[in-house]
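Feature list (source: TrEMBL):
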type: COMPBIAS; residues: 1-15; note: compositional bias 'Basic and acidic residues'
type: REGION; residues: 1-21; note: region 'Disordered'
type: TRANSMEM; residues: 48-69; note: transmembrane segment
type: TRANSMEM; residues: 81-101; note: transmembrane segment
type: TRANSMEM; residues: 108-125; note: transmembrane segment
type: TRANSMEM; residues: 137-161; note: transmembrane segment
type: TRANSMEM; residues: 173-192; note: transmembrane segment
type: TRANSMEM; residues: 204-224; note: transmembrane segment
type: TRANSMEM; residues: 262-281; note: transmembrane segment
type: TRANSMEM; residues: 293-313; note: transmembrane segment
type: TRANSMEM; residues: 325-345; note: transmembrane segment
């Protein structure tokens with residue numbers, strides 16, 4: 001027996017017998033086993049652990065390197081160019097991820113999607129040690145393709161697999177795994193560079209353990225269960241319907257991205273990664289090597305706090321869904337207003353004083369160090385909020401792949417434009433635009 005439920009931002013639900021792309025589809029199967037008989041390997045909690053493991057290894061190690069500023073290199077210029085190139089490729093392939101999933105399935109696409117991070121780390125190592133530039137461009141192209149697949153399929157899994165009252169925590173577990181990876185990677189980076197008080201590139205050996213951990217991600221991804229085999233605690237199986245061919249899937253993608261709610265969310269999607277280039281360049285330009293490592297390490301823990309704060313808030317049963325999303329929106333944008341006013345003041349001061357290699361032994365370091373920590377808290381809370389908002393639109397994993405594909409195409413497009421701005425403008429000019 002199948003019941004179809006249409007849901008919008010107001011939280012209202014209405015039964016509808018028609019088949020529409022915006023319909024939330026819940027499949028109720030009379031033969032579903034009792035909760036006590038569900039094998040742990042097929043549970044939503046284990047799927048959350050798999051996603052966490054994948055993102056600890058891949059994006060977690062990438063975030064540890066990115067948190068150093070300029071990928072740990074001495075100059076941010078080349079990294080800004082290749083990062084912009086990678087994000088630009090994300091725009092194209094994110095929209096097409098639904099086609100790949102339709103053919104290969106979620107598990108294989110997840111495994112392929114995390115391949116690019118170890119290659120990216122290897123390219124940074126070669127540039128740091130041997131000044132090899134071509135590998136950076138090749139790695140950026142590979143990562144542009146693989147990460148587009150990863151972020152879209154992960155988002156659809158994260159939003160469709162868990163029970164409604166576990167969704168906020170599932171998102172928090174996922175995003176915190178990235179921060180946990182950043183913390184471990186940051187600790188390694190700090191350990192290898194703790195005596196480097198000057199500005200410049202990090203020690204090449206820093207990359208080796210980070211690359212090794214990142215290389216484990218594709219194998220962990222193979223532990224994921226397909227949607228048809230996952231059973232929630234509420235006894236409801238995940239609805240998944242593959243399209244007969246790529247053309248039909250492309251039609252479904254177009255229908256999904258033209259939905260009114262998707263259009264209204266465009267400004268939020270663009271903003272969500274528009275500022276990445278400025279943050280990385282800011283850290284690389286103004287902080288010492290070990291100061292950058294400390295920021296990456298501590299920022300990870302603050303990010304975890306932001307993720308779980310928003311996730312727990314969105315799962316609270318004491319408030320209605322519309323009220324939670326309304327107050328969550330007010331909260332993150334109030335914090336972002338504070339963050340960007342603070343960035344403007346600090347950037348104006350640094351533009352006048354032109355500091356280089358600020359270290360934790362200098363008072364001026366903490367004006368930006370504390371700012372970056374507040375930014376990390378706010379960013380993690382905001383990302384959790386955005387994914388939860390998208391997840392409220394439907395329970396259909398195939399439709400979520402289309403929504404999140406559109407989201408990643410738009411927000412990586414914003415990131416690509418941000419990197420283009422950063423390569424052409426001064427720090428103060430880039431801060432004003434970003």
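The backbone N, Cα and C atoms fix where each Cβ goes, and this holds for glycine too.
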Same chain, outside the transmembrane segment (173-192) by at least 6, Cβ under 8 Å from its Cβ: which residues?
48-49, 51-53, 55-61, 63-65, 67-68, 72, 154, 158, 202-203, 205-206, 209-210, 213, 290, 293-294, 296-301, 303-304, 307-308, 311, 380, 383-384
Long-range environment of the transmembrane segment (293-313) - Cβ separation under 8 angstroms, sequence gap at least 6:
63-64, 67-68, 168-169, 171-172, 175-176, 178-183, 185-187, 189-190, 193-194, 202, 283, 287, 324, 327-328, 332, 360, 369, 372-374, 376-385, 388
Range from 81-101, 108-125, 204-224, 262-281, 325-345 with the greatest count of C-beta pairs under 8 A to the transmembrane segment (48-69):
204-224
Using a Cβ cut-off under 8 Å, which residues of the same chain at least 6 positions beyond either end of the transmembrane segment (108-125) come close to it?
54, 57-59, 61-62, 65, 71-73, 97, 100-101, 132, 135-136, 138-140, 142-151, 153-154, 157, 204, 207-208, 210-211, 214-215, 217-219, 221-222, 224
